[in-house]
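The block underneath contains the structure these notes are about, expressed in structure tokens.
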Amino acid sequence: NGSEERPSFVLATLPGLEGAQGWLAALLCGAYVLALTGNCAVLLAVRLERSLHAPMYLFLCMLAAIDLALSSSTVPRVLCFYWFGSREIGFGACLLQMFLIHALSAVESTVLLAMAVDRYVAICHPLRHAAILTNAATAKIGLAAMARGVLFFLPLPLLLLPLPFCGSRALSHSFCLHQDVMNLACANTTPSVVYGLTAILLVMGLDAVLICLSYVLILKAVLRLGAWQERLKVFGTCVAHICVVLAFYVPLIGLSVVHRFGRDLAPLVHVTMGNIYILVPAVLNPIIYGVRTKQIQRRILSLL
């Protein structure tokens with residue numbers, strides 16, 4: 001139980017592109033600044049615009065806060081690696097980063113499910129929407145989402161904590177993910193494998209199924225409307241949320257596929273997919289809702 005079992009892990013570089021790390025760092029930094037600016041603008045716009053103090057926009061604020069926390073828990077460390085060549089990350093810092101990434105992703109998945117339910121109630125039961133989804137109920141859903149993320153994913157670092165790491169310490173991403181760190185342990189990782197897969201299925205997997213179910217019910221309600229113009233207008237209120245769901249789940253599924261079946265893929269694929277998973281939702285979410293929501297557009301323009 002000495003220092004040999006508490007190693008520093010080595011973050012992955014982009015193989016073959018070492019000479020372009022300055023440009024890659026500038027690109028990553030630009031995306032990070034865009035994510036910070038966009039999500040802070042959404043938070044400020046909703047805070048200042050009283051007409052946006054409604055459940056849908058409060059959920060949007062939760063998404064913005066999660067994206068800020070998720071990107072800030074990874075990107076600054078990656079930039080230190082690119083700019084200063086600091087490729088090592090301590091054992092404790094790695095487990096903390098791993099927990100934050102997985103827990104915040106679970107919270108975001110839960111909030112996306114809550115937004116789908118909000119759209120379902122607003123379209124299928126419009127007269128009951130204000131009574132069911134009050135601001136107080138929205139706040140409780142946010143707290144429940146946080147508790148769910150922490151409770152489901154806190155065991156991941158705890159299961160890795162006692163394991164010895166005596167072989168390679170090179171990660172396949174520029175930050176710490178559970179399966180990536182677990183694969184470096186030189187001990188039986190079956191409990192960690194089983195729990196990690198179970199947590200993913202019970203949180204992200206279940207949320208994805210329920211979101212799809214919500215939209216099946218929404219689609220049935222929309223198709224019962226008379227005119228096509230009315231159908232398009234009602235379903236148009238869901239377009240932004242559908243785009244945000246895709247921006248979250250497509251990189252998540254891609255990263256999971258790369259981990260499960262991509263052992264023979266080039267290291268560049270692993271690093272790229274990891275960066276896409278962290279940054280794409282944080283960059284796209286404020287852009288999507290900024291384009292689709294006139295009140296947010298007007299408030300941001302007035303602030304500028």
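Cβ coordinates are placed from backbone N, Cα and C, and glycine is handled just like the others.
Note that the coordinates shown come from a computational prediction; the quantities given were computed from them, not determined experimentally.
What TrEMBL records for 38-289 is domain 'G-protein coupled receptors family 1 profile'. What TrEMBL records for 20-45, 57-84, 90-117, 193-222, 234-254, 274-291 is transmembrane segment.
Note on the domain 'G-protein coupled receptors family 1 profile' (38-289): mean pLDDT across this stretch is 89. Two recorded stretches are said to be in contact when at least 3 C-beta pairs lie under 8 angstroms, sequence spacing 6 or more; the transmembrane segment (57-84) and the transmembrane segment (274-291) meet this definition. Distant neighbours of the transmembrane segment (193-222): 102, 105-106, 109-110, 112-113, 116-117, 119-120, 123-124, 148-149, 152-153, 155-156, 159, 178-179, 182, 231, 234-235, 238, 242, 245, 249, 252, 256; these residues of the same chain sit at least 6 beyond its ends, with a Cβ under 8 Å from one of its Cβ atoms. Listed as Cβ neighbours of the transmembrane segment (234-254) (distance under 8 Å, sequence separation of 6 or more from its ends, same chain) are residues 63, 105, 108-109, 112, 115-116, 119, 122-123, 204, 208, 211, 215, 218-219, 222, 225, 273, 276-277, 280-281, 284-285, 288-289, 291-293.
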